[in-house]
Amino acid sequence: MSSMIGKMVAFGKKLKQNQIEEWQRYYIDYKLLKKKVNRYAQEIQVRAENQQYVLKDFSKMLDDQIEKSVMFLLEQQGLLASRLSILREQHDDLVEQSDGSKISELREAYRVVGQDLLRLLFFVEMNATGLRKILKKFDKRFGYRFTDYYVKTRANHPYSQLRQVFKHVGVGAVVGAISRNLANLQHQEENYISIYDQPALSHPDPVIDSIKAAVNRLSNSTNFLEFLGKHAFIIHDESPTPSEDHLAEQRYHFMSLLLNLVNTFLYMVNSYIIVPTADSYSLNLGAAATVCGVIIGSMAVAQVFSSVYFSAWSNKSYLRPLVFSSIVLLVGNTLYALAYDLNSISILLIGRLFCGLGSARAVNRRYISDCVPLKLRLKASAGFVSASALGMACGPALACLFQTNFKIYKLTFNEETLPGWVMALLWLVYLLWLWISFREPPRETTELAPQESCAGLPVHDAVEIDFTQPLLLKSEAKLQDKNVSQNVDQEFDDGEEDSDESHKPVTSIASAYRLLTPSVKVQLFVYFMLKYAMEILVAESSVVTGHYFIWSTTSVAIFLACLGLTVLPVNVLVGNYISNMFEERQLLLASEIMVLIGILLSFQVLIPYTVPQYVSAALITFVSAEVLEGVNLSLLSRVMSSRLSRGTYNGGLLSTEAGTLARVIADGTITLSGYLGESRLLNATLVPSLFICVSSIVATCFTYNSLF
């Protein structure tokens with residue numbers, strides 16, 4: 001794809017171009033490490049017994065390279081601390097003075113220290129990225145075992161130098177000193193003692209914002225908006241070049257983005273609005289109550305196929321697939337409503353299949369990825385997730401309003417049919433709005449200009465440019481290693497990273513599957529597990545609560561709506577607080593264990609089943625799965641190949657297919673378990689959930705160190 005060519009600069013060349021000149025000898029020697037990997041590959045082909053030697057030798061070389069960079073990092077931190085101590089003394093002398101010029105000079109001196117800290121953070125960024133790339137490259141050559149071994153023996157060691165690089169130990173104190181003193185100087189003429197007294201009224205110096213942004217990337221810390229945006233799983237292989245982001249600016253149209261978000265919201269409402277009444281609808285049509293699993297799941301079955309063709313269609317247009325989606329959903333909901341008067345379970349299922357064929361979530365994701373500028377993309381991704389969560393809550397809530405029964409011209413309007421009629425009307429209104437307001441973005445017709453080199457820029461400018469890029473690249477290419485022996489001694493030896501073929505989007509499911517490393521496969525399995533557990537909980541809720549507690553449709557709808565409303569508050573808590581205190585892999589494992597606890601508490605064993613037991617177990621399962629989804633997709637985007645960030649068979653499609661397949665199997669499980677009787681339905685459906693959850697925890701433990 002022409003849009004990819006301009007930005008595919010080999011990391012070795014990029015490292016050389018962007019190095020701070022006077023610090024060159026302290027960077028990791030990426031070129032040397034890469035040549036070593038290639039030579040090891042040749043040696044092992046000749047003598048397989050060299051594997052142990054390779055592990056030890058390469059580990060020692062990495063240790064030496066990391067130690068070189070870490071010692072320099074500590075030295076620079078010490079120099080910055082000394083300069084800050086001197087400035088602190090000067091600051092104390094100014095406490096009793098009101099000389100504006102001296103205060104201004106002191107603030108400027110702190111800014112200079114801040115700029116030097118930015119240079120140091122940029123130094124850490126390049127080294128950390130290089131280490132990740134080398135570890136991934138070694139894993140690719142030698143079976144994905146080295147990262148696990150190296151991280152286990154180095155990063156978890158009490159005297160870890162690797163942790164200095166990836167976790168920037170000690171930088172926080174320098175950041176805090178600069179931030180606090182700049183803020184104090186800024187407010188010297190006011191009555192604040194420190195920034196902590198009136199945090200809402202302080203206006204940080206721009207350099208503080210830059211430092212905090214860099215530190216957040218270094219620590220992989222996050223906030224609510226970022227954590228929420230991870231749920232969208234909109235993958236980007238690299239930060240865009242200026243020409244690419246300018247193209248996104250030209251494509252961007254707020255109303256078109258809003259229409260995509262509304263499409264997301266309405267589709268989620270459409271998915272969940274029938275859940276409270278699906279069992280009673282199937283009974284009225286002469287089927288068993290547990291056929292609700294088929295009714296709910298038929299939409300997911302169709303979505304397995306619709307995700308693929310909508311993803312492919314979005315390569316050519318955004319408007320036409322959205323129009324098609326709206327028409328198909330209009331027809332599907334109409335058939336769903338008519339099935340009651342036609343007394344046909346077949347028409348009902350066909351209607352739900354049509355609804356699944358109208359799933360345009362792949363188009364919604366693709367629009368945000370390709371047509372929203374970088375500065376707005378995070379907010380748009382968070383909006384996508386919020387629209388989904390709101391739709392999940394509003395669907396069952398709307399079902400509460402349909403407690404009526406009347407006829408118009410032989411058409412019945414009651415709690416079973418009104419979800420179909422109302423959604424058909426909403427899709428008709430949406431279709432008209434779409435046709436009037438959506439603007440098809442222009443398609444790229446020319447090749448983008450190559451990425452401009454930063455080599456000739458001042459260091460501060462280079463730092464500012466690269467601050468638009470994530471520190472630890474969320475998705476990195478798993479590149480094809482070719483012609484090793486011929487290229488091993490070339491100057492940069494980066495041909496494999498520059499090859500167009502290694503950066504092209506995959507063109508088939510088989511090609512995409514070959515790019516999946518064990519870590520990616522495990523994360524997709526975890527995603528499958530959480531979607532399976534959530535679908536079992538939601539889809540069988542009306543049958544289970546009706547059998548054990550004799551809940552009405554309204555009670556079930558309120559219960560499901562309350563579950564949906566927990567999504568945003570939980571993400572606020574996790575995004576703002578918990579994710580800043582723990583590593584993502586720790587949160588992943590903890591969330592899986594909590595899902596397991598929720599499943600175990602859901603079983604009905606010996607004692608009578610009670611409402612508190614069911615509600616508490618459901619809440620633990622649902623909330624833990626929501627937390628798990630955000631962390632899981634974040635880790636998935638980090639370990640997945642950048643070749644899966646574009647094209648039809650992208651990472652978003654793979655995760656969607658995994659989740660949709662989980663829903664299909666879960667709904668099928670409910671229907672099949674129904675043959676055992678409603679009294680055994682709960683435990684029969686929880687056993688597979690338990691097995692899958694335990695399996696995912698075991699798989700996570702095996703790949704835990706590769707998620708560092």
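Glycine is no exception: its Cβ is also placed from the backbone N, Cα and C atoms.
TrEMBL labels come from automatic prediction, so no person has curated them.
Pulled from TrEMBL:
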type	residues	note
DOMAIN	9-152	domain 'SPX'
TRANSMEM	257-275	transmembrane segment
TRANSMEM	287-310	transmembrane segment
TRANSMEM	322-339	transmembrane segment
TRANSMEM	384-406	transmembrane segment
TRANSMEM	418-436	transmembrane segment
TRANSMEM	524-550	transmembrane segment
TRANSMEM	556-575	transmembrane segment
TRANSMEM	587-607	transmembrane segment
TRANSMEM	613-636	transmembrane segment
TRANSMEM	681-705	transmembrane segment
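When Cβ-Cβ distances under 8 Å to the transmembrane segment (257-275) are tallied for each of 418-436, 613-636, 681-705, the top count falls to 418-436. The stretch from 287-310, 418-436, 524-550 that makes the most Cβ contacts under 8 Å with the transmembrane segment (322-339) is 418-436. Long-range contacts of the transmembrane segment (287-310) within the same chain, counting only residues at least 6 positions beyond its ends with a Cβ under 8 Å from a Cβ of the stretch, are 271, 274-275, 278-281, 321, 325, 345, 348-349, 352-363, 539-540, 542-543, 546, 648, 653, 656-657, 660-661, 663-664, 666-671, 673-675, 678, 681. Spatially, the transmembrane segment (681-705) is adjacent to the transmembrane segment (587-607); three or more Cβ-Cβ distances between them are under 8 Å for residues at least 6 apart in sequence. For the transmembrane segment (613-636), the most Cβ-contacting stretch among 384-406, 418-436, 524-550, 587-607 is 587-607 (pairs under 8 Å). As a whole-number mean, the pLDDT of the domain 'SPX' (9-152) in this prediction is 79.
Distant neighbours of the transmembrane segment (418-436): 259, 262-263, 266, 269-270, 273-274, 277, 319, 322-323, 326-327, 329-330, 333-338, 351, 398-399, 402, 404; these residues of the same chain sit at least 6 beyond its ends, with a Cβ under 8 Å from one of its Cβ atoms.
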